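A.B. asks: The following block contains the structure, expressed as structure tokens.
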């Protein structure tokens, strides 16, 4: 079977397709409102009434449970709000300092291959990190992007420790994607201790700032856009949606 690395190719839309809308929302967008907005956008894209959308935002502190979540992995159920969500995967955390990217693409215009799409999203993250001199890596047995931590104690099997820096979770409806990915820029990493992130106990979680990079969210956004365009094609600016936000 081909690995996700083997599947990594550009997934540009067919000729004549409009550029993807690129939206950045300021402040913290409540999760429920983000889901409602995604549902509207996905329906419009599937109906041919809207162009594809990549939406960058931050959420207030919360946990989400994917379709494979094990209740035993929710260690502190009363710490933050918990939302069941239709994306794949298990428990994850979202909060300030984490760049969440909701990706709404019509794969009928691109490539109707779920594994290739996941590999393409991972490649976007890997290229984004590379632009900041961080080596992100994929693992065939676990989705997401990881960084090696040679300064930490070795794992029990003698391998170098590694931490997760970016998570993925997607859903498709009529071959239109939603949900997407998150990159830890400077979140409070102690907030991850209320769950077993993605059901994986033997590895930790890190962020760009934890790795020693003094980067701002705006810097990451620039590199993200460059990487998205390399893999998925042209984007165009769009103002943020008129959602209630908080700080």
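Note: Cβ is positioned from N, Cα and C throughout, glycine not excepted.
Copying in the features that TrEMBL gives for the protein in this structure:
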- 198: active site, acyl-thioester intermediate (ACT_SITE)
- 87, 88, 89, 90, 91, 92, 93, 94, 167, 168, 169, 180, 181, 182: substrate binding site (BINDING)
- 48-236: domain 'BPL/LPL catalytic' (DOMAIN)
- 164: site 'Lowers pKa of active site Cys' (SITE)
A.B. asks: Between the recorded positions 87, 164, whose Cβ has more other Cβ atoms within 10 Å than any of the rest?
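C.D. replies: Output for this query is 164.
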A.B. asks: Among 87, 88, 89, 90, 91, 92, 93, 94, 167, 168, 169, 180, 181, 182, which the record lists as binding substrate, how far apart in Å are the two most distant Cα atoms?
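C.D. replies: In whole numbers, the farthest two Cα atoms are 15 Å apart.
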A.B. asks: May I ask you to report the DSSP-based helix, strand or coil state of residue 181 (substrate binding site)?
C.D. replies: strand
A.B. asks: Around the C-beta of residue 181 (substrate binding site), how many further C-beta atoms are within 10 angstroms, looking at every protein chain?
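C.D. replies: For residue 181 (substrate binding site), the count of other Cβ atoms within 10 Å is 24.
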